[in-house]
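Data first, discussion second: the structure below is written as C-alpha cells.
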Amino acid sequence: LAGVLDDCLCDIESIDDFNTFKIFPKIQKLQERDYFRYYKVNLKRPCPFWADDGHCSIKDCHVEPCPESKIPVGIKAGSSNKYSKAANNSKELEDCEQANKLGAVNSTLSNQSKEAFIDWARYDDSQDHFCELDDERSPDAQYVDLLLNPERYTGYKGPSAWRVWNSIYEENCFKPRSVYRPLNPLAPSRGGDDGESFYTWLEGLCLEKRVFYKLISGLHASINLHLCANYLLEETWGKPRWGANVKEFTRRFDPAETKGEGPRRLKNLYFLYLIELRALSKVAPYFERAVVDLYTGNGHEDAESKALLLDIFRDTKSFHMHFDEKSMFAGDKKGAKSLKEEFRLHFKNISRIMDCVGCDKCRLWGKLQTQGLGTALKILFSEKEIQSLPENSPSKGFQLTRQEIVALVNAFGRLSTSIRELQNFKVLLQQTR
C-alpha cells in the first residue's frame, strides 16, 4: 500500500512513520495502566434483532471477569461520570443533597411520574451518543481486565459471524439493497460482478455516507488483522502457540484472493485511524484541565497516566495531515442536521448489533471498539462545547464517562496495533516469496 488516501490529503507512508515512531510505543504503555486496562461490560445483553444463536463453546471464546478485589478502589467507587479525586470524595454529600432535593420536589409525584423523569434525563443524556451504552449498574455488568483477555483468533466463524457483518453492511450502511457489496471473501460472487459496480456507486455518494462506509470497513479490516496477527498456530501438550498467520492474512487481504478488495479494506483502516487520531487531537483541552485526574486511588500512578496521555495528545496535535471534519455536514443547516442524525442513528444501531455476537471475547472487543469509534464521532461533532469548557469544574455541555475514555484509548490502541502488524506482515510476505 502506498500513496494518498481518498477523501483526505494524507499519504499512507506518513501514517506508517508517525504511528511506528511516535504513537505505537506510547499507546501500548498507556493501555497497560490500571485506569485503561479495566473495562466494565455486560456480555449477557440479549440480541435485539434475532433469536440468539447460542454462545460459542470454544474455550478461547471465554472471557474471564475480574474479581472485585483486583479492581482499583478509585475505579470501583466512582460512578460513571466521576474520574477525579474531588468528585469521588464529594459523592456522598452530593447523593445526600440530591435525595433532599428529590424529596422536596417529588413529595406529590406518583412513582410513575418519577420513573418518567428518570427516563427523560436518560434520553437527554443519550442525544449526543453514537452508541447504545451498557447500563453499568446492571448486575450483569462486570469489570474485565483487557490485558488478561486479549483480542485474538478464537475459532468463531461461519453463519453466526457472517450474519453479524451482513447485518452491519446490508442494513446499516447507506446503500440500496440492489447494490451488491462483495463482503465475504469466501462467499461465491454473483455472476460476473467483481464488486466494481459497488465502488462506482459508492463514489457517487455524498462525503458523509462514503465516510460512514469507510469507517465500518476500516473497523472490519482492523479486527481481521488482529485475528491474523494473533492466530492459534498450534497446540501441543496443552501449550498453545499464538502468532502471525501469513496464509490467513493473504486469504483476507491479497488482491488476487479478494478480487482487488483487500487493499481497499486496508486503505479504509488507515482512514479510520485518521478519524480517531483527529478526535484525540480535538479532545485534548478536555483532559488538559486540572479537574480531570484519571483517578484510580493511586496518586503516583494517576499522575503518570495523565502525563503519558497528555504526551500522546501533543503528538496527535503535531501530525500535519489531519482529516478535516469541517467538510462533513457542511450543507444547508436543516439538511445537514437531518443527515447527521441519520448518521448517528445508523451507528447506534451497529453498536446494538454487537450484542448479537456469539463469542464472548469477540463481543467484548467488538463492543469496546465500536464504543471507542462512537466516542470519537461524539468528540468530532462537539467542537464548540469542548472549546468552551470551564477550567475548574465539570462540564455540563460536554462530558465523557470513564467507560468512554477507556474505550476511546483502547480502540485507538487497536488501530495503532493493526498498522504496526501490517508492517510485520509486509516483512513476512517478503520472506516467503
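Each Cβ is built from the backbone N, Cα and C atoms, and glycine gets one as well.
TrEMBL: automatically predicted annotations, no manual curation.
Some features that TrEMBL has for this protein:
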DISULFID  C56-C61  disulfide bond
BINDING   R152, T154, W165, S217, H220, R252  FAD binding site
DISULFID  C359-C362  disulfide bond
ACT_SITE  C359  active site, nucleophile
ACT_SITE  C362  active site
Rounded Cα distance, in Å, between C61 (disulfide bond) and R252 (FAD binding site) is 21
Students should find that the Cβ of R252 (FAD binding site) has, within 10 Å, a number of other Cβ atoms equal to 22
Across the disulfide-bonded residues (C61, C359, C362), the Cβ with the fewest other Cβ atoms inside 10 Å is that of C61
Of all C-alpha pairs drawn from the FAD-binding set R152, T154, W165, S217, H220, R252, the farthest apart lie at a distance in Å of 21
Here the binding-site residues are T154, S217; the one whose Cβ sees the most other Cβ atoms within 10 Å is S217
CA pair S217 (FAD binding site) / C362 (disulfide bond), Å rounded to integer, equals 17
Note: in the chain of H220 (FAD binding site), residues six or more apart in sequence with C-beta under 8 angstroms of its C-beta are W165, R265
The rounded CA-CA distance in Å from C362 (disulfide bond) to R152 (FAD binding site) is 8
